């Protein structure tokens, strides 16, 4: 008996064991998620993992590549390209199976629904022949089986590009060296492309190259943040994801990081970012070719943490999150996945189908076909039975179902009237059903749903409080915000359920708590079944894989509910068997002692009646003695201070319902917070982020609901204190820091007159009297943008106008005149007779020259030449304003026709043509055809718009190679002012491809 009491105090369904076990599960689950999210350490020198790699060389490569900003339209870009070309030439030298192509031939035109592009590629390509392929055979596209590895070496104009995409390029250099010395089965093609930051131009240029026809699978390396662990951003299907496992054990990725939630977010527009993945797969195609299926299967692997430093000066080697460990993590993942892609197991038998993938904390990645999830969900058990509140919840003295309780019906006394007793029993039960009892039953039945409604309502109210008071507090303290939501959810859920199921006055009534737990489990089962039904519909219609957690949640709840339903039956049967054994022992004991009892003296009998019998009661036990013994036992039981509780059953239920959900939801929560908390400055809605955090916090608490009546009340007070303390702190704290800065987007525009651009005389010199109109634009979230402007001296004495941004939803653009901070394009003026630009003023500096000639009634030729730039544009007024739409364009000297899958939209036309050249100061000749909308005459409408050129170079980011004299260095003083005077909690990024855009209007006459 003592052993049973000790075991019950430790393992019984009591307050302290339940609280301790659940608290331990949460601590272990959260700790495992945080530990698995840490960057792996770099292997020690001489490790087999490092064989074939040189991390010191990789670090030096990164320092060369990310020394300064190097966008496509910069001279620093040429320097990076030259460095990479020399490195690749050294690797390929003396190896016949390694082929290097310095691609300066791939030109092409392609269009999106809104704009058209002409681009001249400068990609660096490497082909390493596979052992199973014939290098002299040009394989048709239909049977192409090579693997494409891709990263871009250009950066944005405001960042050195350590993670975007310097680490990706350095990783490819290491892979080229590794695969050159360790040939794989398939052919590997590496596209170190240029122009990705200007809307994926380098990937499009690769499609123009013959080697593009040799690939069927790809691995794209990207950086959408500022370091940390690279994650599997998205995948076309499970087929390429299996590359994580199709590798020898010693090369396998030991710490994979993947979750299908990113792929779903990309597909539905929640992630405002684009990578070469969309070009290689062809998912962004339009027109007739859009229905042709995927061009290639593949994976997108990228960094995602620290987005506030993304595309800013803090994306540099010195500020990368994780430093060299982050670089090694990317190399390790790319090597493991690359080997798997190049050496697949039975690739011909593998089918391309969408799937579910996520990495379990501290374990390898898990794959699950969406079809299997859908099939399982469709075949899941039916909805649970209607929950019922056991009578013992209202009558604590009931003994039915309690271990050891007798189930024998009471014996009728001699001469009793059964019918009369039955009628009196029915009337007694009817009278006992009072309004109070009915209300108590309804309250207990509805308590879970009331708790859920209260919790959801309070979570929504808290989200409103954050959005209204301090919406950016999640920007730098996401886990504090999560803790605030979690504490409130736990407080409200537990408080309501403990009020519905208070502590029983008879603490040893085990069946009370067990059946209360089962009641809540049944309601939770119903909720999970509804969620499973909705997720099945979404999976079937939209192929949403992120609902895998609902399936896991439902399975755990279902199993725990089955245990709770079977427990009373099994316990009752065991109690009946135990009672029968006791009865047999009692009869045997009574028979053996009958002779001695009859010979006992009266005094002895009196003594025996005074001492309670230790034998169990039976049908032969004297009635009065049994009553006295029972009363004594009840008095002793009621005097006990120890809490009773069933052993074993509840532990299995806790392990089935709590750990799987907490670990999976905890991992999703960590990814969501790290990836989305700093997207507010990109224009994302604060409501969506806070409501999503509230939903995840509620899901973390829901598994505890069935056991909450047994949790220690101290946890309620603790959660209330945590909620109040952290919420007040988060509402008043300043949300931005140097590590998590507020991001603003910069651009300066120069509006030129027609005579500044179009030829006026033979020399091309056209001097204006009033000069250009120069405006500085700063774009950002309106909540803090206007607090930033006073830091800039040029804005203090000017009229500032602000309006919603035309493209970036949720952001605002403020403008002011800044002629005193006029930009200078740099280089030599090809149209001027002046010996030096130092002799000229800012009002007569030439930016570009252009000419427009009408060649037919609906055709014109544009000639554009920019000064010290490789990027110009043609803007056309929308059809609603001009009455015409541009339906065709051809650039002289470029490839004929449009890239397959990217034609001009003949219904809406193009409103912009972006021109990119690999040579400086090139003069583009562009033929344009237009149409008038249906129902208008040929003479109606007039093609008009703007001609513009872009510049991205400024003094603090220049390459000091002596190519420019002091009077010919490009300058953007307004940007230098922003970089100098803005506080440390503000970071500057580009607003468009050009930091400076000079434009002049045109009209085709």
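Heads up, the Cβ atoms here are built off N, Cα and C, so glycines get one too.
What Swiss-Prot lists as topological domain 'Cytoplasmic' is 1-14 (among others), and the listing cites similarity to another entry. Taken together, the residues of the topological domain 'Cytoplasmic' (1-14) have an average pLDDT of 66.
Per Swiss-Prot, the feature N-linked glycosylation site maps to 107 (among others). Long-range C-beta contacts of residue 107 (N-linked glycosylation site), restricted to its own chain and to partners at least six residues apart, with a cutoff below 8 Å, comprise 118, 119, 120, 121, 205, 208, 893, 894, 895.
Under DSSP, residue 311 (Zn(2+) 2 binding site) is assigned to coil, being neither helix nor strand in the three-state scheme. Residues or ranges marked as Zn(2+) 2 binding site by Swiss-Prot: 164, 197, 311.
Look at Swiss-Prot and you will find 213 (among others) tagged as N-linked glycosylation site, backed by sequence analysis. Of all the Cβ atoms in the protein chains shown, 15 others lie within 10 Å of the Cβ of residue 213 (N-linked glycosylation site).
Summarising the annotation, Swiss-Prot assigns topological domain 'Cytoplasmic' to 375-448 (among others) and lists similarity to another entry as the type of evidence.
What Swiss-Prot lists as region 'Disordered' is 379-420 (among others).
According to Swiss-Prot, the feature topological domain 'Cytoplasmic' maps to 501-519 (among others).
Swiss-Prot lists 565-644 (among others) with the feature topological domain 'Cytoplasmic'.
As annotated by Swiss-Prot, region 'Disordered' applies to 577-640 (among others).
The compositional bias 'Low complexity' annotation in Swiss-Prot covers 588-606.
Mapped onto three states, the DSSP output places residue 677 (N-linked glycosylation site) in coil. Swiss-Prot lists 677 (among others) with the feature N-linked glycosylation site.
What Swiss-Prot lists as topological domain 'Cytoplasmic' is 708-713 (among others), and the listing cites similarity to another entry. With helix defined as DSSP H, G or I and strand as E or B, the topological domain 'Cytoplasmic' (708-713) counts 4 helix, 0 strand, 2 coil.
Marked as N-linked glycosylation site by Swiss-Prot: 761 (among others).
Feature annotation from Swiss-Prot assigns N-linked glycosylation site to 961 (among others); the stated evidence is sequence analysis.
Around the Cβ of residue 311 (Zn(2+) 2 binding site), 25 further Cβ atoms fall within 10 Å across all displayed protein chains. Those same-chain residues not listed among 164, 197, 311 yet with C-beta within 8 angstroms of the centroid of the Zn(2+) 2 site C-beta atoms are 155, 156, 159, 161, 165, 223, 310, 315. The number of other CB atoms found within 10 A of the CB of residue 677 (N-linked glycosylation site), across every protein chain shown, is 25. The two recorded residues, residue 197 (Zn(2+) 2 binding site) and residue 213 (N-linked glycosylation site), have Cα atoms 24 Å apart. Taking the binding-site residues 164, 197 in turn, the residue surrounded by the fewest other Cβ atoms inside 10 Å of its Cβ turns out to be 197. The closest partner of residue 213 (N-linked glycosylation site) among the recorded positions, by CA position, is 164; the full candidate set was 164, 311, 677. Counting residues 6+ beyond its ends, the topological domain 'Cytoplasmic' (708-713) has Cβ neighbours under 8 Å at 13-16, 18-19, 22, 493-494, 497-498, 500-502, 513, 516-517, 520 in the same chain. For the pair residue 311 (Zn(2+) 2 binding site) and residue 677 (N-linked glycosylation site), the C-alpha distance works out to 16 angstrom.
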